[in-house]
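**Q** Below is the structure I would like to discuss, written out as structure tokens.
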Amino acid sequence: MTGERLRLMAVHAHPDDESSKGAASMARYAAEGVDVLVATCTGGERGDVLNPHYPPVTGGPAEMNAIRRAEMAAAAQALGVRHQWLGFVDSGLPEGDPLPPLPEGCFALVPLEEAAEPLVRLVREFRPHVITTYDPTGGYPHPDHIMTHRVSAEAFAAAGDPERYRDSGEPWTPLKLYYNHGFSMARIRGAHEALLARGLESPFGEWVESRAAREIPEREVTTRVVCADWFDARDAALRAHATQIDPTGFFFAIPRDVEREDWPFEEFELAESRVPTSVPEDDLFAGVREVVA
Ligand SMILES: [Zn+2]
């Protein structure tokens, strides 16, 4: 290919989200020569230590922030991608009934134009052809995930418009916007059935039943990227987030040989395209390669 180098930007809420959603696809594209940049909206300061095998962090948010920065750098290295912080403060996951108010100054409370500005600026600098983010529900209802969707949609809409964000760099129009589909019901059910079919124990039985009972409508999967050869890189990136990811826990519950055989891809939903393409697709750059080359 003699054309311009392809560029992919993945927008995430917290350090570790990039390693659990679309990570193997990013590693594959990076290995194939695509310039891949992860943009993380918040520092994950309000995250708890979620890995029971990790020693307690006693230094409060400042220490947590420092640890998570180091973890994020190691994860980016494992995936072979570049990384940029957008500089907002973690909103935390509110719990209780009624839910407590969000903490002052957190990402989810920042007005949209102000919250989207650093991302618009980064889009204009990095000039991605494709952007990935979360669906409008956030994928799960963490306020930072919903806000990440909102700033990504805003940047996709506005970055190419010279009348918008006038002081935030030269306009650049990204060509496609995708939503990650890390944990579709089809994937969990497929893993559940594959484990049972092999006579193995499945940790997903309860999930499959509760999801079926609640009848949550499934979002559309338009695009499956085959990336099994990069599952090892994804797993190394997950393990790099040692405060968050239990190496014996949920993310490692599917035996890797079963996963490779039954589910060798990651799934995405094409949200918007400014180039002609037809679904289903097997490449985030379908329709883009032709335009760029
Ligand atoms: Zn998150």
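In case you wondered, yes, glycine gets a Cβ from its N, Cα and C as well.
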**Q** For the Zn(2+) site that TrEMBL lists with HIS14, ASP17, give the additional residue from the candidates HIS145, HIS149, HIS181.
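**A** The candidate from HIS145, HIS149, HIS181 that TrEMBL ties to Zn(2+) along with HIS14, ASP17 is HIS145.
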**Q** Going along the chain, which residues six or more apart from ASP17 (Zn(2+) binding site) have their CB under 8 A from its CB?
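**A** Spatial neighbours, sequence-distant, of ASP17 (Zn(2+) binding site): THR40, HIS145.
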**Q** Which residues, sitting 6 or more apart from HIS14 (Zn(2+) binding site) on the same chain, put a CB under 8 Å from its CB?
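**A** The answer is THR40, CYS41, THR42, GLY44, GLY47, ASP90, ASP144.
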